[in-house]
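Visitor: Before anything else, here's the structure in question.
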Amino acid sequence: MSFFRFVGAILFLVAIFGASNAHLSATFYDCTCPNVTSIVRGVMEQRQRTDARAGAKIIRLHFHDCFVNGCDGSILLDTDGTQTEKDAIPNVGAGGFDIVDDIKTALENVCPGVVSCADILALASEIGVALAGGPCWQVLFGRRDSLTANRSGANSDIPSPFETLAVMTPQFTNKGMDLTDLVALSGAHTFGRARCGTFEQRLFNFSGSGNPDPTVDATFLQTLQGICPQGGNNGNTFTNLDISTPNDFDNDYFTNLQNNQGLLQTDQELFSTSGSATIAIVNRYAGSQSQFFDDFICSMIKLGNISPLTGTNGEIRKDCKRVN
């Protein structure tokens, strides 16, 4: 990690902590739930053995949670139909809620009413990345859970798979994130799967042109058209976000972008938007996995510290799906 990037991250955290009176700490649960990490890791290891997508599901939930009212576990709530974030357009089809429930149950059995659902998402994301061969980092704790969800915020603040870079950039900068964060966090698509519905508009009728997205590699396009045929029943058809090493957390995602083999429009936009500063970042990460890992750690720490509830704000939910 470069010195300037590291200093920037520290200044960002100081700004957040000063603004919100946040007191997140790596030692927050040392006395109240000292085995929190081993308990969460045990559940994640078990789920990863039967579901290669487990880590990708959790980190998606963490990202989508933090981008709406901050990292407060609001995405996990089952509230009335007008408010639940689960039913927001960017969250349709999201998985991993059952994994969070399993983790919460395991923690409640050992240290009831102590570990927040928001902290579970942060810690399980780090563990899921590490289990897939990615980097480790020190997760800070002390977030509390919201009492409400924000469906309209989820619809407006979370990037959809169909966005241009021009649309995505302010969605990140509005959260205190820069272009390096945007590219680094997009690198989480180095593992996991996506439904046909998140990218099939690129395969046949891109932007109403009647033709495929011209940035898609021709051979890759044929493969995807075979997986997701036009007019087919593609609602529950998945394919790999990373065609080369789909279950590994590595930098192949960025090499794929260089080869015009990014699955989602939001992926390929990072490399194929003419004149964008993101192109150089993609090239840097494609050439250096260690640089990607270093920046990814920095960006994940920034993500996990967006407007947390602390102190007496919110609560520690006993069940992540509902308020106490």
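Numbers run from 1 along the shown chain.
Using N, Cα and C of the backbone, Cβ positions are placed for all residues, glycine too.
This is the feature table in TrEMBL:
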SIGNAL    1-22  signal peptide
DOMAIN    23-324  domain 'Plant heme peroxidase family profile'
DISULFID  C33-C111  disulfide bond
SITE      R60  site 'Transition state stabilizer'
ACT_SITE  H64  active site, proton acceptor
BINDING   D65, V68, G70, D72, S74, E85  Ca(2+) 1 binding site
DISULFID  C66-C71  disulfide bond
DISULFID  C117-C320  disulfide bond
BINDING   P159  substrate binding site
BINDING   H189  heme b binding site
BINDING   T190, D242, T245, D250  Ca(2+) 2 binding site
DISULFID  C196-C228  disulfide bond
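Mind running through what each feature is packed against?
Guide: Listed in sequence order, Y29, T32, C33, N35, V36 are the same-chain residues at least 6 apart in sequence whose CB falls under 8 Å from the CB of C111 (disulfide bond).
Non-local neighbourhood of E85 (Ca(2+) 1 binding site): H64, V68, S74, I75, L77, N91, A149, N150, R151, G153, A154, each in the same chain, at least six residues away, with C-beta under 8 Å from its C-beta.
Sequence-distant neighbours of C71 (disulfide bond) (same chain, 6+ apart, CB under 8 A from its CB) are H62, D65, A118, L121, A122, R143, L303, G304, N305, I306, S307, P308.
There are 29 other CB atoms within 10 A of the CB of C117 (disulfide bond), with all protein chains counted.
Of all Cβ atoms in the protein chains displayed, 21 besides its own lie within 10 Å of the Cβ of P159 (substrate binding site).
Counting only same-chain residues at least 6 apart in sequence, those with a Cβ under 8 Å from the Cβ of H189 (heme b binding site) are L241, D242, Y253, L263, L264, D267.
The Cβ neighbour count for T245 (Ca(2+) 2 binding site), using a 10 Å radius and every protein chain shown, is 18.
The Cβ of C228 (disulfide bond) has C196, F199, E200, L203, N234, T237, T239 as same-chain neighbours under 8 Å, each 6 or more residues away in sequence.
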Visitor: Have a look at the recorded positions G70, C117, D250, C320 and say which one has the shortest Cα distance to P159 (substrate binding site).
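Guide: Comparing Cα positions, the closest of these recorded positions turns out to be G70.
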Visitor: Say you check the Cα of D72 (Ca(2+) 1 binding site) against those of the recorded positions R60, C66, T190, D250, C320; which is nearest?
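Guide: Going through R60, C66, T190, D250, C320 one by one, the Cα closest to that of D72 (Ca(2+) 1 binding site) is C66.
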Visitor: Between the Cα atoms of D250 (Ca(2+) 2 binding site) and C320 (disulfide bond), find the distance and write it as a whole number of Å.
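Guide: Cα-Cα, rounded: 31 Å.
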Visitor: Least buried of the binding-site residues D72, D242, D250, going by other Cβ atoms within 10 Å?
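Guide: Comparing Cβ neighbour counts within 10 Å for the binding-site residues D72, D242, D250 gives D250.
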Visitor: Sorry to bug you, but what's the C-alpha spacing from C66 (disulfide bond) to T245 (Ca(2+) 2 binding site), rounded to the closest Å?
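Guide: Cα of T245 (Ca(2+) 2 binding site) to Cα of C66 (disulfide bond) measures 27 Å after rounding.
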